[in-house]
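Below is one structure, written out as structure tokens; comments come after it.
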2 protein chains.
Amino acid sequence: MTDFAATKALFHLPQGVIYLDGNSLGPLPKDATDRMARVMQDEWGEMLITGWNKAGWMDQPTRVGDRIARLIGAEPGHVVMGDTLSIKVYQALASALMMNPDRRVILSDSGNFPSDLYMAEGLIRFLGQDHELRVVAPEEVSDHITADVAVMMITEVDYRTGRMHDMATLTAKAHEHGVVTVWDLAHTAGATPVDLKGADADFAVGCTYKYLNGGPGSPAFIYVNPRHADAALPALSGWLGHDAPFAFEPNYRPGKGIDRMRVGTPPVLALAALDSALDIWDMTDMHAVRAKSQVLTDRFIAGVEAACPMLTLATPRDPDQRGSQVSFRFSDGYAAIQALIARGVIGDFRAPDIMRFGFTPLYIDEGDVDAAVAIIADVMQNDLWDHPDYKTRAKVT
Amino acid sequence: MTDFAATKALFHLPQGVIYLDGNSLGPLPKDATDRMARVMQDEWGEMLITGWNKAGWMDQPTRVGDRIARLIGAEPGHVVMGDTLSIKVYQALASALMMNPDRRVILSDSGNFPSDLYMAEGLIRFLGQDHELRVVAPEEVSDHITADVAVMMITEVDYRTGRMHDMATLTAKAHEHGVVTVWDLAHTAGATPVDLKGADADFAVGCTYKYLNGGPGSPAFIYVNPRHADAALPALSGWLGHDAPFAFEPNYRPGKGIDRMRVGTPPVLALAALDSALDIWDMTDMHAVRAKSQVLTDRFIAGVEAACPMLTLATPRDPDQRGSQVSFRFSDGYAAIQALIARGVIGDFRAPDIMRFGFTPLYIDEGDVDAAVAIIADVMQNDLWDHPDYKTRAKVT
């Protein structure tokens, strides 16, 4: 039983704000500033270069990776931190393609985050061969898993609508057709339970600045299925992924297991902030978070729909079909979100018409939901009418 | 005229330590901890997601890049921060190769840092075509600039010996033969004056945790010559390199100029620490630093050679031929460095036999050099004899 009042008390939440954008950037854990100061002064300041061993900086990417492994159903020792999510997408995609050298198609869907599609595009342009990025509608992915597909690259939860793919079913079908899978967990890590091991996913990647609260631009992670860990070839073969980085050998020899997915020097300070945020995650588990998230999102949907008939639910109504966000479509969504922010309810807007709200049980509770619903109702019925960004200029009922 | 006593006072330098390893990891600037705390509390904590605009996080990679541009002779607006040096090597190499699609050779030298060679190896393996990484001796690079070379990838200063390549001459010869150049400035940025504009270098990359004092694992930079800035194709085409990242378009359109070399979400906290370190660089210029560095390295060489005949200088004796480090060869160099560290003189060891010492005028002065020489003399003549790591067990004179 998680004490969510206790976890909430561990975050700095600004006065007068109801923060429903933790799915974009999580808030500051109260302990993180002191933790960072200690790492800077006691480790960097005092140990200098010896911090790589004495303070354990060199092992930090796998040590932190193991803390995330627990939250995404991964085996310990098979997650490593580093770089950004876009780089990790490229890294996973490249290794996956090299496992299927005779196939030329990367399958993805139009609900994927654009950066994932862009990274695939850039990779294909660079390869300069006859590869194809095949982008289909989210509901058509399963039908497009065919024997010409090399890699299926899917983001589990849609960043706009919150619709969730069925990882286990899609992965099983992919494997039946010899397709290697790359799962992007940007909107699932820390949002919903993930069972990478159970689903037998091949590669997974994710970011840590959303639900995991690692701070702006905090490092990404990559998971490689233990079946592939000693076989996957890294395209981004940096020295810290070498089997003996400090031997300074002239040729690359991939490190053992997940270590080969390390690339350059790890971002020690950023990982310290993330590590501090993960202390709070140790107080709970994803099933407790999921149960609370479904209570909060159901309550929010009911409240908003009752008060704001002009908003159309874009998120699946079945709580098992969605992540931990709720999105509504509204033609003047941009103006509405600006008006809400002015009233202290922070959500965000995604073009063309999505008003998006994230629910994060570690620090958002039923009281916040009710207060947010009341403000949304007032804004939609009254404030918006006079908002300078409001373009429709028509009664919003 | 730089007041180096004033710059030295701005660093935290541990008691009893003479730090000659700032070429590996620079020390903590005293202001950096407070700066980090303010960014965490006042920006991340209070502004939350709105920090991307309100606190200027989104422009931070080019704003910080401009501060580094001044130190490497780059035009303002043509340097951007992000990722690690290894990733930036890959990024530059990929773009450079796409500028020379009919050629297949990447030329480098055996003095290059292994990670650069490893990244090229991984890139070639991934391309799966008939590319070749041609690694020659440092002094033979010029003779190997031929019409079949697509890209010349060179680290300006050798990480082991400190020997410096002539960027202007090699770049000019490369251009005569239609070769695109990628310069790694890991051991030159903040160490020696660089004139990217004058040399007409095509691409340059570097790290910021050495001479620039950005902190362990601080972000890297990339420079693209203005001639190529709107033409270079990014292989790592992430959303923040898109011309309109927040339009979330389905297809990638490269951003203008250096912006297209951005990839994922910028590391805000790490960039804040680096930005704080760059405040100190504003108090000087690279020519003053270079003049002082040559005084310090000359003094160190003279002192050590007079007292320690068992050490063989590995660094060019001509100060214009070296970076800001001094290396000696010694068969039991590992043991010697351990014994020196035990006495508070921090240098480092690079296999097989290099004892390496970095000289950083911002916080190392003549007094430090003399004190270090005295300790090195004592260690080499006395302590080493009994050191547990000392293998030779022969008199070291």
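Positions of Cβ are set from backbone N, Cα and C atoms, glycine also.
Curation does not apply to TrEMBL; its annotations are automatic.
Going by TrEMBL, these are the annotated features:
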BINDING   A:Leu85, A:Ser86, A:Phe113, A:Pro114, A:Ser115, A:Asp116, A:Thr155, A:Asp184, A:His187, A:Tyr209, A:Trp239, A:Thr265  pyridoxal 5'-phosphate binding site
MOD_RES   A:Lys210  N6-(pyridoxal phosphate)lysine
**Study point:** Reduced DSSP assignment, A:Leu85 (pyridoxal 5'-phosphate binding site)
**Key:** helix
Check your understanding: Quick one: largest C-alpha distance among A:Leu85, A:Ser86, A:Phe113, A:Pro114, A:Ser115, A:Asp116, A:Thr155, A:Asp184, A:His187, A:Tyr209, A:Trp239, A:Thr265, binding pyridoxal 5'-phosphate per the record, in angstrom?
Key -> 30
**Study point:** Within reach of chain B, those recorded positions of A:Thr155, A:His187, A:Lys210, CB-CB under 8 Å
**Key:** none
Exercise for review: Measure from the CA atom of A:Thr155 (pyridoxal 5'-phosphate binding site) to the CA atom of A:Lys210 (N6-(pyridoxal phosphate)lysine) and give the result in Å, rounded to a whole number.
Suggested key: 15
Review point. Including all protein chains shown, what's the count of other C-beta atoms within 10 A of the C-beta of A:Ser115 (pyridoxal 5'-phosphate binding site)?
Key: 28
Point to revise | DSSP three-state assignment (helix, strand or coil) for A:Phe113 (pyridoxal 5'-phosphate binding site) | key: coil
Practice item. Tell me the Cβ neighbour count for A:Lys210 (N6-(pyridoxal phosphate)lysine), meaning other Cβ atoms within 10 Å of its Cβ, over all protein chains shown. Key: 28
Check your understanding: What are the non-local neighbours of A:Thr155 (pyridoxal 5'-phosphate binding site), defined as same-chain residues 6+ apart in sequence with CB under 8 A from its CB?
Key -> A:Gly111, A:Asn112, A:Phe113, A:Asp116, A:His165, A:Trp183, A:Asp184, A:Leu185, A:Ala186, A:His187
Check your understanding: According to DSSP, does A:Trp239 (pyridoxal 5'-phosphate binding site) fall in a helix, a strand, or coil?
Key -> helix
